[in-house]
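Peer 1: What follows is a single structure, and I will ask about it in a moment.
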Ligand SMILES: [Cu+2]
């Protein structure tokens with residue numbers, strides 16, 4: 001029972017504790033053939049996660065405003081990268097926009113828009129969970145004793161049934 005409670009706490013804490021690195025475009029990477037609107041679907045980007053842009057020398061990564069994303073304007077990026085293996089830390093909540101600065105690539109679909117959510121967003125009761133979460137699963141030590149007794153009872157019953165049948 002103590003183990004079960006520990007596991008429960010672990011399950012409640014892990015979603016916030018583990019940062020995820022998303023490889024943009026998965027194995028295909030950051031290319032002109034990628035469909036980054038589809039790639040974003042179903043993913044939750046959380047503060048603390050990172051994006052990995054993997055690309056060859058014909059591409060780059062620019063973080064831009066929504067307006068520049070919409071218009072594929074490469075003139076005034078917020079940040080610009082060209083190292084081929086760019087890791088972007090998602091450190092603030094809200095939307096982020098990325099485009100490839102190579103002429104024609106953004107217009108061809110080489111653009112990525114994500115929304116970053118707060119790390120605590122999907123587990124708001126976390127601060128009180130280590131002690132509070134044990135309440136639903138019984139009351140600690142007495143519960144584990146009852147559990148042991150019940151297990152013993154069922155083992156004996158099972159043995160009796162096995163013998164008598
Ligand atoms: Cu490109």
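Heads up, the Cβ atoms here are built off N, Cα and C, so glycines get one too.
In case it's useful when we look at the structure, here is the feature table from TrEMBL:
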DOMAIN    20-118  domain 'Phytocyanin'
SIGNAL    1-19  signal peptide
TRANSMEM  145-164  transmembrane segment
Peer 1: If you run through the domain 'Phytocyanin' (20-118) with DSSP, how many residues end up as helix, strand and coil?
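Peer 2: So the counts come to 14 helix, 35 strand, 50 coil.
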Peer 1: Tell me, roughly as an integer, the mean pLDDT over the domain 'Phytocyanin' (20-118).
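Peer 2: Within the domain 'Phytocyanin' (20-118), the model's average pLDDT equals 97.
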